[in-house]
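Colleague: Just passing along the structure, written as structure tokens.
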Amino acid sequence: MSPVLPTYARADISFERGEGAWLIASNGDRYLDFGAGVAVNALGHAHPKLIEALTGQAQKVWHVSNLYQVEGQTKLAEKLISLTFADTVFFTNSGAEALEASIKMARKYHAASGNPERYELITFEGAFHGRTLATIAAGGQEKYLDGFGPRMPGFVQVPLNDIEAVKAAIGDNTAGFLIEPIQGEGGIREASKDFIKALRKLADEHGLLLVFDEVQSGVGRTGHLFAYMDLGVVPDIMASAKGIGGGFPLGACLATAEAAKGMTPGTHGSTYGGNPLAMAVGNAVIDEVAQPEFLEHVRRVAGRLTQGLSMLADEYPDVIETVRGRGLFLGLKCKAPNTDIQKALMAKGLLTVAAGDNVVRLLPPLIISEDEAADAVSRIESVCAALSQSREGDASGAAAT
Ligand SMILES: *Cc1c(COP(=O)(O)O)cnc(C)c1O
């Protein structure tokens, strides 16, 4: 038996250090990191401001628990409130915990409103919300539920972008809707703007809550601080994690005062949640990412990257079917098996992440330069050229960079 529980299919490589968008393996090989620890390292590796924030706090106090005031929590909560729809924030250590807080809050809202029977969230096919018992039930994927006993009640699932199916699923037990504006693990699949708008309308008509899971799509990933900001729709509750900690474990549940009205003292908690180290880093991440120039940089470099990738999709339709996503939250919908492409890219020094629906995700640090984006495109091109069958006997077709 391996010393570490073998629940992960790990690549046989380990990294010694990172510099910006680059990871340096133990043997000295350099990799351009377009996985960013699954959309976590928003500011890349070894960002000076994050090092300063973390080491500065490390010399003062690491942990005190939530029995006391934690100044960094108030500071970060106030920032998030001023930047988003939210009136209040609960801090966690991970995405799944941010979802757990969101799910509990949605149920408690209805209980506090005198409707405890409204505990059911409508979720969407292809969703991923984490690996706890509640979040695997919410995600509804058999491969994650299998063998783990009775499925936690309180979730029903309908197809994405099918508003009639949503209407048909609303009943006496419905508490609200839980949705990723853009699915990450599901393969960079977008909920349409019209669909999200229709969900908001249904929520308002039926007194239901709209809960966004922006664990992967948030914190600048799409070129907006949160993906919802580009949709013209605001949620009642939103889960954030991944990028918000820049590599330090941190999550958050953001909510309106109304949605959070049931969450009174003693109703929820976490020993580590919002500890001083996490807060020091989270504040530094948000200070950086929320700057308009930073988000503009993301949109600009994303524009260049998307353009390069679209050309590859045109050039090698037998390898890449389409390019999906927004900002630096991108997916290559593949013709060839996605894991083959991901492995071939790794051999060319480019790290990416496979996703559902035969997609290879490109999730670079948001600080990548245009040169690094072009570098990634040329590495992808060389893999496409090698895998492309149409290329045989037509070597000139591969020369369009
Ligand atoms: C990663 C992810 C989660 C779970 O986050 P963990 O930190 O792994 O618990 C939940 N929702 C979405 C959309 C995610 O991408």
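Just so it is clear, glycine is given a Cβ too, placed from its N, Cα and C backbone atoms.
Curation does not apply to TrEMBL; its annotations are automatic.
Below are the features listed in TrEMBL for this protein:
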BINDING   G95, A96, F128, D213, E214, V215, Q216, T271  pyridoxal 5'-phosphate binding site
BINDING   R131, S270  N(2)-acetyl-L-ornithine binding site
MOD_RES   K242  N6-(pyridoxal phosphate)lysine
Colleague: Do you know which of the binding-site residues E214, Q216, S270 end up with C-beta under 6 Å from ligand 1?
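Modeller: Going through E214, Q216, S270 in sequence order, those close to ligand 1 turn out to be Q216.
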Colleague: Among all the protein chains here, how many other CB atoms are within 10 A of the CB of Q216 (pyridoxal 5'-phosphate binding site)?
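Modeller: Excluding its own Cβ, Q216 (pyridoxal 5'-phosphate binding site) sees 28 Cβ atoms within 10 Å.
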Colleague: In angstrom units, rounded to an integer, how far apart are the Cα atoms of T271 (pyridoxal 5'-phosphate binding site) and R131 (N(2)-acetyl-L-ornithine binding site)?
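Modeller: Distance between the two Cα atoms comes out at 20 Å.
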Colleague: Nearest to K242 (N6-(pyridoxal phosphate)lysine) by Cα, among R131, D213, Q216 (binding-site residues)?
Modeller: Q216
Colleague: Might you list, by sequence position, any residue in that chain lying six or more from V215 (pyridoxal 5'-phosphate binding site) with a Cβ less than 8 Å away from its Cβ?
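Modeller: Correct list: G95, A98, L99, H129, G130, E180, G184, A239, S240, A241, K242, G251.
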Colleague: Say we define neighbours as other CB atoms within 10 Å of the CB. Which of the recorded positions R131, K242 has the fewest?
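Modeller: Counting other Cβ atoms within 10 Å of each of the recorded positions R131, K242 gives the minimum at R131.
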Colleague: List the same-chain residues at least 6 positions away in sequence whose Cβ sits under 8 Å from the Cβ of D213 (pyridoxal 5'-phosphate binding site), in sequence order, or say none.
Modeller: L99, S102, A127, H129, L178, I179, E180, M238, A239
Colleague: Going by DSSP, is D213 (pyridoxal 5'-phosphate binding site) part of a helix, a strand, or coil?
Modeller: strand
Colleague: Give the number of CB atoms, excluding that of T271 (pyridoxal 5'-phosphate binding site) itself, located within 10 Å of its CB.
Modeller: 10
Colleague: What Cα-Cα separation, expressed in whole Å, is found between A96 (pyridoxal 5'-phosphate binding site) and S270 (N(2)-acetyl-L-ornithine binding site)?
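Modeller: Spelling it out, the Cα of A96 (pyridoxal 5'-phosphate binding site) and the Cα of S270 (N(2)-acetyl-L-ornithine binding site) are 13 Å apart.
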Colleague: Taking the Cβ of G95 (pyridoxal 5'-phosphate binding site) as the centre, how many other Cβ atoms fall within a 10 Å radius?
Modeller: 29
Colleague: Between R131 (N(2)-acetyl-L-ornithine binding site) and Q216 (pyridoxal 5'-phosphate binding site), what C-alpha distance do you get in Å?
Modeller: 15
Colleague: What is the Cβ neighbour count of S270 (N(2)-acetyl-L-ornithine binding site) at a 10 Å cut-off, with all protein chains included?
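Modeller: Summing over all protein chains shown, S270 (N(2)-acetyl-L-ornithine binding site) has 18 other Cβ atoms within 10 Å.
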Colleague: At a 10 Å cut-off from the C-beta of E214 (pyridoxal 5'-phosphate binding site), count the other C-beta atoms across all protein chains.
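Modeller: Within a 10 Å radius of the Cβ of E214 (pyridoxal 5'-phosphate binding site) lie 32 other Cβ atoms.
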Colleague: Distance check, please: Cα of F128 (pyridoxal 5'-phosphate binding site) against Cα of S270 (N(2)-acetyl-L-ornithine binding site), rounded to an integer number of angstrom.
Modeller: 22
